[in-house]
Structure formats: structure tokens, C-alpha cells
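Trainee: Please read through the structure below; I'll follow up with questions.
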Ligand code: 5GP
Ligand code: ZN
């Protein structure tokens, strides 16, 4: 079986695994997360199978922010996070690109974030900027 055939989110797209679908278009599907971090936690995925953001063609990504916005409005959440993990080290568990919409109703529910900000030397930052800018 190839990776796409085994993919749990491809199975959800095909209706082989049930889900609570919130939105569907030819390119995008949104559904409730089965193990939510908070009430209303939802996932928005491109129908195109790819593991990481960089594997997805631009036209399959185009509608995703609008769908996240629709869900954010529908939940009525005042505070919420949009999260998209790429790779095991970055907490990706399902290898089909997905964007989380996670309401943050209080300090304990929703997304908890570690934010280990580092001191940065301005010359270093400028060098980094020039390297990246040249590749954009
Ligand atoms: P990741 O850690 O890969 O960014 O998040 C994967 C998410 O997919 C988790 O929040 C998990 O609860 C959700 N998930 C995994 N399997 C299923 C499933 O079969 N159905 C639904 N609706 N969500 C799932
Ligand atoms: Zn897939």
C-alpha cells in the first residue's frame, strides 16, 4: 500500500473514515479534530496529499485561510490560534498537511506554547536576512 492510500486524512476526504465535516470545496476540506485541545478545535486540509506545507501546490493552498476564518467566526471564539506543524520534531503526527484552528477559551484549554526567544545580534540578523532574501 502506498503512503497516500494509507493516509488517514485521505481516507477522511474519500469518506472511508467518518468525520464531522464543516466545509468542503473541490480543493479543501475542514472537519472537527477528534481529540480536541478545546471546544471547536478543527482541521483544514488541502485535498491534495502532501506531507508538509512545501509539498502542496499553491493553488491547493489558496482557500485555506478563508476557511480557517469561517470556522473561527462560527466558533465565536474571542481568542484562538492557527497552527500548522511540519515534521515530527515540530509536533506533526499525521503526514497530510493540516491547519489547526484552536479556540483558546482560558489558560488551561486550547494551545499551550513554549516560546524560547533568543537574543540576536543585529549583524547576524542582517546576514540571515540577506541570505534568505536572495532565495525568495
Ligand atoms: P498534528 O500533531 O499532526 O499537527 O495533529 C494531528 C491532529 O489530527 C491531532 O489534533 C489529532 O487529534 C487529529 N486526528 C488524528 N486522527 C484523526 C482522525 O481520525 N479524525 C479526526 N477528526 N482527527 C484526527
Ligand atoms: Zn493524505
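Glycine is no exception: its Cβ is also placed from the backbone N, Cα and C atoms.
If you look up TrEMBL, you'll see 98 marked as active site, tele-AMP-histidine intermediate. As annotated by TrEMBL, domain 'HIT' applies to 8-111. What TrEMBL records for 96-100 is motif 'Histidine triad motif'.
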Trainee: Which residues in the same chain, at least 6 apart in sequence, have a Cβ under 8 Å from the Cβ of the residue listed as 'active site, tele-AMP-histidine intermediate'?
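Mentor: Non-local contacts for the residue listed as 'active site, tele-AMP-histidine intermediate': 9, 43, 44, 45, 84.
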Trainee: Grab the pLDDT values for the domain 'HIT' (8-111) and give me their mean, rounded.
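Mentor: Computed over the domain 'HIT' (8-111), the mean pLDDT is 98 on the 0 to 100 scale.
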Trainee: According to DSSP, how is the domain 'HIT' (8-111) divided among helix, strand and coil residues?
Mentor: 29 helix, 23 strand, 52 coil
